[in-house]
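This report concerns only the one structure given below.
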Amino acid sequence: MGLLSEGLTQVVIPLAAVVGPGFALLQWFLVSKVKVSGGHGERNGFKDKLIGDEEEGVSSVEVTIKCAEIQHAISIGATSFLFTQYRYLSIFVGVFSTIIFLFLGSVKGFSTKSEACTYNTGNMCKPALANAFFSTIAFLLGAFTSVLSGFLGMKIATYANARTTLEARRGVGKAFIAAFRSGAVMGFLLAANGLLVLYITINLFKLYYGDDWEGLYESITGYGLGGSSMALFGRVGGGIYTKAADVGADLVGKVERNIPEDDPRNPAVTADNVGDNVGDIAGMGSDLFGSYAESSCAALFVASISSFGIGHDYTAMSYPLIISSMGIVVCLITTLFATNPFEIRKVSEIEPALKRQLVISTVLMTVGIAVVTFVALPSEFTLFSFGTNKAVKNWYLFFCVAIGLWAGLVIGYTTEYYTSNAYSPVQDVADSCRTGAATNVIFGLALGYKSVIIPVFAIAFAIYVSFSLAAMHGIAAAALGMLSTISTGLAIDAYGPISDNAGGIAEMAGMSHEIRERTDALDAAGNTTAAIGKGFAIGSAALVSLALFGAYVSRAGIETVDVLTPKVFIGLLVGAMLPYWFSALTMKSVGSAALKMVEEVRRQFNTIPGLMEGTAKPDYATCVKISTDASLKEMIPPGALVMLTPLIAGTSFGAETLAGILAGSLVSGVQIAISAFNTGGAWDNAKKYIEAGASEHAKSLGPKGSEPHKAAVIGDTIGDPLKDTSGPSLNILIKLMAVESVVFAPFFAAHGGLLFKWL
């Protein structure tokens, strides 16, 4: 037994889960202090209006009222889209929860009799029908928490975007603090919600399961499935929405009409700003919640079939939850370093301030992991490893979690090197624009492929060391380590879209060029940090998927996965192909929606008299409707591909073939995802490098409207669906297929392989 008692564990976890929202509310209160000084601006469902105090006469009351109106329109558009999307998803949740119950219930013919435990031999466990029921409940809870995480994030972002714009009048430091604090609200709410719901669910399920911890933690895996399935549709639907609008706005506005980004004359600009919230905020929030839920469920399940579960050591079993609790406390301390000791005064200080967050949180968390490991775990214990018991010391697990944490930092910094315009890779891409869009595309693709090397080595190293030390539990612990600072990661990630929206509002409200330069600087730093966030997401997805793969193999009763057997090898081939199929579906969806958007924007410019002159108002609503309709329609095929593949493969070809599919999709999905979002991020920042003109080299490629700039815009437009739709969605594909396979493993083991049985 560890030093931490069960009673104290029952206090520590919920306490951290309450501290998180408390700190988030404090940050929200500080952001909300941008006060009213007159006017009659729109409200955003809150008591105070958005009109900020005048600062050096930079902006009039009329302009600040305009900021409030634009912010209100963005909030209404985002809320409307999410509610429509959630109505569609409620049907899916109802159908899929029924499938979970029927498939798992049929494993033992819907028997209500207790049965012998699989791993804790000699003991009796609850009937399979109970596992079916509780897995279904866990799935519903996971889906609800994921949806709530995305929705809260969106509401916070739309509350903060105009405030960030207004604060930019007082200086770039004030705007940075407003955007970062708003991101922190989302980060702490999501981490705390995920932890609290999982903790409560486990304790409620224990009332029925009692000493049957094997069945309890098997049913908890449904929580991860619910979270990730909602994340898939949120990421894909939101990604299609935002990129259809973004591509339409850029191609017609910046390339054809030579007007600035977010110019109010552009009919697609409101849809673009709405898309930032539904794709990059709501979708990303659901995605990282899904990663957190799955890594926790994988670690809990693997632990439940080891000495922790068999010996009923509650504190050791709760190790993943205590790590997450420590993460909230560490991130809380880290956030204070970004907003309190000093204020940013120059644009060049923004990106270092954000990156410092990653370093500080990683260093502090390493100490936190050591403390948690030595107080929560016994000095020696055994872990289940593919049919054998592996003797492990507690400091082994410390190294597993720590190596995952530091591997995440390596991936983050590598991603930053390849996507920030402060370094040579992106500057080379920008320079290639001198000879047109074709060379820009070639250089960008080469950069993306090259950027895969170091992250893959980092993931491989983390896997080897953690598996050697603590088998599959070690890999699950490494994934937990990478996600332990999720609150800080989300704060940095959400900061980007908030800053992007702030810039759009400044442009649409007609604020001064100086204000737009400040918001552009915030946005450029946000682009790089968003890429870092996506690097963390795919790195953790690889580790989570491998941990879930181990859980699946154990739960399905597969002794070895032999790639030389035909059943497994065909699965490997098909699995490696799935990320390509998925990417094709999502890319084509963005292309189809963007095509309609481009035609609509062109139509309005050609048929509305006075639109280019600024004397007539564009029809924003039609563009919003095009993005909404396209995203809701086009998210179904990619979602169906991911959700149906494990069910069809496991039922038709059996558990071994499905194991091959999971391995194949993991191996190819990681490479494609890293390449896709790094290529897209590099193209985006190459365009911003030319637009900013901060160096002599950049000035030689500009200004806006020059031929190199137009080539950069085309590259950015191609990269948009790569970095914001296909790339980020791929990490959900590999996680979701793995966790779905874990949930349905007993059914596949009992009734799978129908096709091979007939042949």
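For all residues, glycine too, the Cβ spot is worked out from N, Cα and C.
Per TrEMBL, these features apply:
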TRANSMEM  12-31  transmembrane segment
TRANSMEM  88-108  transmembrane segment
TRANSMEM  128-154  transmembrane segment
TRANSMEM  175-202  transmembrane segment
TRANSMEM  292-311  transmembrane segment
TRANSMEM  318-338  transmembrane segment
TRANSMEM  358-383  transmembrane segment
TRANSMEM  395-415  transmembrane segment
TRANSMEM  452-480  transmembrane segment
TRANSMEM  535-553  transmembrane segment
TRANSMEM  568-587  transmembrane segment
TRANSMEM  732-756  transmembrane segment
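As a quick check, the transmembrane segment (12-31) and the transmembrane segment (175-202) clear the bar of 3 or more Cβ pairs under 8 A, pairs 6 or more apart, so the two touch. Counting residues 6+ beyond its ends, the transmembrane segment (358-383) has Cβ neighbours under 8 Å at 1-4, 9, 302-303, 306-308, 313, 315-316, 318-319, 322-323, 326-327, 329-331, 333-334, 337, 389-395, 397-398, 401-402, 405-406, 408-409, 412-413, 470-471, 473-474, 481, 484-485, 488-489, 492, 532 in the same chain. Comparison of 88-108, 292-311, 535-553, 732-756 by number of C-beta pairs under 8 angstroms to the transmembrane segment (175-202) places 292-311 first. The stretch from 88-108, 318-338, 395-415, 732-756 with the most CB pairs below 8 A to the transmembrane segment (535-553) is 732-756. Looking at which of 88-108, 128-154, 395-415, 568-587, 732-756 has the most CB pairs under 8 Å to the transmembrane segment (292-311), the answer is the stretch 732-756.
The stretch in 88-108, 128-154, 318-338, 395-415 that contributes the largest number of Cβ pairs under 8 Å to the transmembrane segment (732-756) is 88-108.
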